[in-house]
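The structure appears right after this line, and notes come after that.
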Amino acid sequence: MASQFSGMATTTSLESREGHCAMRGSCGKKSIFGTDLPCPNDEPATEDGIDRDLLVSMCGPEYAEGPTCCAKTQIENLRDNLGRAEMLISACPACRNNFRAFWCTFTCSPDQATFLNVTSTQETMTGETAIQSVDFHVSPQFGEGFFNSCKDVQMGAANAYAMDLIGGGAKDYSAFFKFMGDEKDMGSPFQINFPPTPPPEFTPLDKPTRNCYDDDLGSRCTCVDCPSVCPQLPAVPAPGTEPMCQVGMLSCLSFVLVLAYSLSLAAFLTGYFTQLTLRKRRERSYERVALSTDGASESYMSPRTHTRGLVGASSLAQHFDGDESTGTHSDSRNLGRGASLLDPIDTVQPRQYRLNTALRRVFYRLGLVCATYPWLTFALMFTLVGLLNIGWKWFSVETDPVRLWVAPDSESKLQKDYFDEHFGPFYRPEQIFVTSAPQSVGSEGNSSLSTTSERPPVLSWEHLEYWMDVESTIRSLRSSPHGYTLDDVCFKPAGPEGACVVQSIGAWFGNDLGDYDPDTWEDQFLHCANSPGAFECLPDFQQPLSPEYVLGGIPRAEDGSRRLLESQALVINIVVSDSLDKEVQARAMEWETTLKDYLLQLSARIGDEAGLEIAWSTGVSLEEEINKSTNMDVKIVVLSYIAMFFYVALTLGNGSTVGRDEEGVISSLSRWAQNFPKLFKSGIALSSNLSTDSRNNPTFFPRLPRKLFVGSKFSLGLFGIALVILSVSSSVGLFSMMGVKVTLIIAEVIPFLVLAVGVDNVFILVHELDRQNLLHGPNATVAPNYGFTTPMSPTRSRSQFDPSQSNEESVDAASMPLFLSPEERVARTLAKMGPSILLSTVTETVAFALGALVPMPAVRNFALYAAGSVLLNAILQVTVLASALVLDLRRIEASRVDCFPCIRLPSRIALLDPPPPGSGLGAIAKFIRRYYAPQLLRPEVKAGVLFFFTGLLAASVISIQHIKLGLDQRLALPSESYLIPYFDGLDNYLEVGPPVYFVTKDVEVTERTSQQALCGRFTTCQELSIANRLEAERKQKASSFISQPTASWIDDFLRWLDPGQDTCCRVRRKNPTQFCSSRESPRICRPCLEGHDPAYNITMDGLPEGEEFMMYLQHWLESPADESCALGGGAYSSALALTPAQDAVVASHFRTSHSPLRSQEDFINSFHAAHRVADEMTQETGVEVFPYSLHYVFFDQYAHIVAITQQILGLGLAAVLLVTAFLLGSWRTGTIVTFTVAMTVITVMGVMGIWGISLNAISLVNLVISLGIAVEFCAHVARAFMSAGSGLANDHPAGQKERDERMWTALVDVGPSVLSGITFTKLIGMCVLALTRSKILEIYYFRMWFTLIISGALHGLVLLPVILSFAGGPGFPLQEADEEWMSHAIRTDYEYTPFLADDDSTVSD
């Protein structure tokens, strides 16, 4: 039969086929469930059996008369088939009319035989011969025009295109025609082929097509369905492509910095070497003149006295004043370099700073009270601590990620709350990535074997079979204890009786592989991947699943086509409903927990069973994993405390006066090992008349130094660490009482912070007490001079050293005893170091408290707890620790063993004269005094330091420009968390972006103007209405990050009212107020707006308003989207929020999707882009619009993070300036300290740019902490510099020399404490922190704090001394307002310790 028809086609001329048919009428069905098949017919076209009215209504006026090739039954079938398609395409007249013209011509054209060839027939159930296949010859011009008019028509509710359903997602007209022509149950009942080249006897169909951008009403489509007519928006550059000022590869700022620094360095070096050359020439000239004048005329001086051209050289020159210059110079040479610095007449009454005096008196009295009544101090302070710790009763840990990381009053948080309240919370996604297990591929090198891991494609018959069984198990999982299943908790878009949304590749196979085998599954897979809208590919929830939703890691061929069978991952999304109802939410969480447990078990065995791996997340996963107890690395915290404790215990006692004349531990052990064999030698007789060293006598046990037992401060170090723990505990109690919740970051980090800060003060106090013991302890010598100033009591009016209090006024002050009681020494220690501790504590507390300005709760709470802990720790140290110091001092002087004070060691008798008393300085202090300070203050070294740090500043500013924003969620998780592979999967495999909703508030949608501001598919909609604007933004998705069509509820609702959609909105003919269901007969129902006056049209004139609008809207929202009407509003039931009375729309949203977001920059940029679009829509339409997506609340901070950083650091530096200037008594010194602190923070920020540390709320609070701790590196040095002053004016000719001397004194005085007590303690704690398994601790705490320690030490001990030596303010001697000062000044003969002490000086070491 087929050959018969084919032969007829080849033997018949084209002219003879004009006016003839190829098929006509109906010849029965192929099966009981099939549709009528046309009969082959080569007879002339006829007018018999035609329903002319129906035909004209369907195909237009060209069929109003004349013969046709279709019968009544064919016209009716055509009407039904066109009706189903037109629900999807009717919004675009060009597509709709081209679609009708195409199928009307195919079915009814009187010249059907000229372009249609029947190629085969078949027998129907009634025994008749019917069409089995035909060739339909269509010209490429018609095909292109037809396809182009329909390719962009959208299906709003599904955020998809009509082409996905009517064309199977076709990308060109050939695929479009193929999909329509393939024989299938819900498509063509017979095969229609479209040969690319027709035989000569056929003429291809080549009718003119309508274009969507044509101006006539039968063609013109709106912007939503025809991008060509969309308004052209101003170009918005994509993030990262904005025009920037650049010079080559460098930004203009970087170029200017590099150029300025290079020119400055070159100019300095040129000037320096030029001056050096000229100076050498002058010196040679001076030597020649001196030799020729027989004895060095007074009028000639060495050029070294005029070396003002070199930076800092004035510190080497002497001050000459007329005739007295020579004598002064000579005296200074005999008395030391500092002798000429001070004039006794000028300095007998040094200038005073009352605040300094008052603070010293306060701390002196406080120290004296605490040292005199230690047990009372313990009782009072520990009672206060106990009261604060009662707050633990209200202790609470915050675990909700939103409440942790999102400010409660942030715009995004308020918008999220609004969205949740009106539309319900966002769905709870359960997402799984399935990949093949990696295969190890070895590659041999010269002598080693290296392996790399490669993942083969995941798609195979065996993998599909296994995963379909897994999905079946997941669907049947029952939770414990209530036995909920997926059907009880899933999201069902079609209503309670509908199907769950499970987006999986299994949907393409009907969730059952029973009808497929290893040979046929690939055909079905490729068919559904290319035509996801095909009926046999639709999931049970009836929304097409394109490959991007169910496949991941799809590779591309060289021509850009997708190699779907080589996909790297299967993507499964199980959508679970969420609710503000706690009971509904608990039900979902219970099932999610069951799913999580099942997936954990599955992941352990899936590799062995199927060679697969899974990465997944459930709705309960993120919060559980963030709050896992393993994230709190207890071992690291304990190890850090142990390391700190041993360091403190081993180093605190180094400066003790106990056993200073004894050998060290190593020397004692060495001597004992040498003498031990003598015990076993006989015949060795010692003369009783010979005096011998008893240390050389052999003993069974080594003679260890007393310092190891008595001088140790092991218990004091333990007590200091206990105070740190108490301060943290008390801070937690205090703020818990105030309702501030604790976070796990607080529990992990604050102990490190307070320990690093608190131990510093312990070192400073203990070191100063050691110096007091050297000066005024039991073993103190008479009037020693150790190279540092001696603190005197500012309040003791009757000093035992005051000559005025002696009965013998003739007694020489230098011969007076220097012993002071332990209480007095502790009081003097606190009097000297208390103001420094106050300075650092106030600035640190203020800086930490400024961190509370960051609105993120986790950071704000952290800042509050840190500020409270630091403040409480400082209070405990100046009270409780002072009492502990005096008790420990009494123990030492009573020769009691550390940790075992009940054991008292007897005094030893020294047989040999003790060595001459040294300075009592430790190794670090000796190094600073002899080498570091003198070398640092050399003019050429100071110049080098300034240029080095200037270069470091420039490099840091350049690096800061490369700091990125963001906080990767993976960093907040334990390193072993199963969510880390899941987030990796999101980056590597996910091909779609998150949904985004543009929410409209308080719009009067019942008014026409408001409708026109929202809609997009009617001619009178605003040109930049919300629907049109979103479609226009989708065209520039590189900058808008919008990639999917918009679900516009108002357009679908108004189209649902179209009388032409006679199966959608229907009312009873007898009672128009009563709506009809889809099952009711057309005889008793009619379209809602049939006969409406004015009539329904695309100009919106006939559309309802007011109460009529709301009446139809309520019914639309209850109507499901099904086969009878795809425009039903059931899918939009959660897109509108109505008033309780259902008489107005409170809010609505327009849903679309972002493009795939794979990095923190993408998430941040998508946030900014959505807000830009929403703001512009609000401005253009007058409708209040805001965007909402699930990730916005977490990225809201980045809209303001840079401004907040500048604000908080600026306020912090201002606070540092005020506090330091006020407490130091010098704006100049305060400014220098603030500048140094700022440079420290800038250096830390510069390292952030090169060490992978992003700017976020955590790094911001660490920058604030850096600002506070940087002050600690500077405060003690600056105060020592100010306290070593002579009152000499800054512009005094000898001012440079005086500042150098003061800086040298300050470095020797507090440098060891800053280095060992501040730098090393922090460094040890941070190095231990490097061992943590938590990436967030490693990156945002170890890296930043390690950088801070190094930067702070360099700036505080290198840069700050240099700048102060150049421009520091005039100082205030510690001896002001003290009657003892005069006798001390007389005793020391106004002489400072030499600046550059001779190596053979007795006291220089």
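If you go along the chain as it appears here, the first residue is 1 and each next one adds 1.
Note: Cβ is positioned from N, Cα and C throughout, glycine not excepted.
Quick look at what TrEMBL annotates:
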- 633-887: domain 'SSD' (DOMAIN)
- 253-274: transmembrane segment (TRANSMEM)
- 362-392: transmembrane segment (TRANSMEM)
- 636-653: transmembrane segment (TRANSMEM)
- 716-738: transmembrane segment (TRANSMEM)
- 744-766: transmembrane segment (TRANSMEM)
- 837-856: transmembrane segment (TRANSMEM)
- 862-887: transmembrane segment (TRANSMEM)
- 1208-1227: transmembrane segment (TRANSMEM)
- 1233-1253: transmembrane segment (TRANSMEM)
- 1260-1282: transmembrane segment (TRANSMEM)
- 1313-1332: transmembrane segment (TRANSMEM)
- 1344-1367: transmembrane segment (TRANSMEM)
Among the recorded stretches 253-274, 1208-1227, 1313-1332, which has the greatest number of Cβ pairs closer than 8 Å to the transmembrane segment (837-856)?
1208-1227
Over the span of the domain 'SSD' (633-887), how high is the average pLDDT in this prediction?
71
Ranking 253-274, 862-887, 1208-1227, 1313-1332 by Cβ pairs under 8 Å to the transmembrane segment (716-738) puts first 862-887
Per Cβ pairs under 8 Å, the stretch of 253-274, 862-887, 1233-1253, 1260-1282, 1313-1332 packing most closely against the transmembrane segment (1208-1227)
1260-1282
What residues elsewhere in the chain lie close to the transmembrane segment (362-392), defined as a C-beta under 8 angstroms and at least 6 residues from its ends?
726, 729-738, 793-795, 822-824, 826-831, 834-835, 838, 872, 876, 878-880, 882-887
